[in-house]
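Encoded as structure tokens, the structure appears first; notes follow it.
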Amino acid sequence: MSDVRLRFAPSPTGYLHVGGARTALFNWLLARKQGGTFILRIEDTDVARSTQESVDAILQGMEWLGLDWDEGPFYQSERFPVYREFVERLLAEGKAYRCYCTPEELEARREQAMKEGRKPKYDGTCRDLVTQDADRPFVVRFRAPHEGVTAFDDLIKGRIAFNNEELDDLIIQRTDGTPTYNFVVVIDDATMGITTVIRGDDHINNTPRQILLYEALGYPVPRFAHVPMILGADKTRLSKRHGATSVMAYRDMGFLPEAMVNYLVRLGWSHGDEEIFSRQDLVEKFTIEAVGKSAGVFNPDKLLWLNHHYIKESSPERLAELLVPFLRERGVDPSTGPSLPQVVKTLQERSRTLVEMADGALFYYRSEISYDEEAAAKHLVPGTLPLLASLAEKLDACADFSHSGLEAAFKEFIAEKGIKFGQLGPAVRVSLCGGTASPGIYEVVEALGKDETLRRLRRAVAYLEQ
């Protein structure tokens, strides 16, 4: 295993968002490509908003996507003593100081700066205080340099530089003794030996402050890669108003994990004109430098196209297993009807999602299918009664109920009757499936089996005889 170490560090304040999932994927792929270590860390310092339910949802989303982690999950809430040690160390070294300014004082100074057209930032009132008052509430601030430039070479965005005079003296510990995000993320990444930080580009402005903390603590600065955000079709940040944003919502909508992985990685990264990538392809071909600088637009139609591809490519046995809960939601027990893998085989070419497949499979498992009124009125007419009755007799005598055997039997029947397939096919579809939109007739008959096929044909004959 190489020394490369990457991490995904979500906050457990909600579900695993598609943007977070893509960030996790990029980290996972780079770790796997370089033979490194992928670490999962839960950033739960916001105790009021963090929930176990969210932790469970994040872990479930990671597992569904197949993003296995090598270390963790680590929880920041369990590391508070570690953070306090580093705060004390910075205080002892004069690299941090206690600030006694009240929120009211800070707000007044902020408003004054705005009035004067200055950028609001901490004015350093307590930066060089000689006397300390342990009885007064205080925060701890990092003593940032006010001169020079802090720059880094972003693996996606290129060189980014900040004038240090623009940077605040960052609060690293609140009045209640809890550490702040920008501080703990540095301590965690430093002590966990993270070598590359891949995260959303909303963190770019945090980076110079974090680099200064690394340097003050004497730790090597990792490489940074800031991933552009994901937008909705209207070019605004992807949110619930654009549709589902939770990874697990897409699972529940009948998407396959490999389709979601393929889609999310391609949303911002490319390798020539290729669209379809297996997991192994992605591990071999992915580079963070090939991620685009501009935001990606989430396209549900493209995801549907990919999902359809993977449904067509998957084994019927695997899809059957995944389909069971969708059928049960619809009141169907698939163990009571035809072979589910056989049914799946008839629906793979037509189904873009497992939801569509489950809906398309219902007629196989309902003993008393209802006929579509328009289709029945058009195709279940008196003239088809003798044809359906004769077909039932023909199939009853058919010894080979395989696809090829059924095709031969139907062709023979049509020739015997001197008709065209179009005069028979729609009536058979309505009889067996309830409507004319269905898989191929031979596939349906083969999946239903002889007994059920004959029962449905004879039921249609009885319907016509009424």
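Including glycine, each Cβ sits where the backbone N, Cα and C put it.
Annotated Zn(2+) binding site per Swiss-Prot: Cys99, Cys101, Cys126, Asp128, in sequence order, evidence recorded as sequence analysis. Within the same chain, no residue at least six positions away from Asp128 (Zn(2+) binding site) has a Cβ under 8 Å of its Cβ.
Swiss-Prot lists Lys240 with the feature ATP binding site, giving sequence analysis as the kind of evidence. The 10 Å shell around the Cβ of Lys240 (ATP binding site) contains 10 further Cβ atoms across the protein chains shown.
Under DSSP, the residues of the motif ''HIGH' region' (10-20) split into helix, strand and coil as follows: 3 helix, 1 strand, 7 coil. Residues or ranges marked as motif ''HIGH' region' by Swiss-Prot: 10-20.
Residues 18-19, 229-231, 298 of the same chain lie 6+ residues outside the motif ''KMSKS' region' (237-241) yet bring a C-beta within less than 8 angstroms of a C-beta in it. The motif ''KMSKS' region' annotation in Swiss-Prot covers 237-241 and is backed by sequence analysis.
Secondary structure of the motif ''KMSKS' region' (237-241), assigned with DSSP and counted as helix (H, G, I), strand (E, B) and coil, comes to 2 helix, 1 strand, 2 coil. Within 10 Å of the Cβ of Cys101 (Zn(2+) binding site) there are 16 other Cβ atoms, across all protein chains. Of all the binding-site residues listed (Cys99, Cys126), Cys126 has the fewest other CB atoms within 10 A of its CB. Tertiary proximity for the motif ''HIGH' region' (10-20) is limited to same-chain residues at least six positions away from its ends with a CB under 8 Å from its CB atoms, namely 42-44, 46, 49-52, 54-55, 57-58, 60-62, 200, 229-230, 238, 245-250, 264, 298.
Taking the centre of the Cβ atoms of Cys99, Cys101, Cys126, Asp128 as the Zn(2+) site, the nearby residues of that chain (Cβ within 8 Å, site residues left out) are Tyr97, Arg98, Tyr100, Tyr122, Gly124, Thr125, Arg127, Leu129, Arg141.
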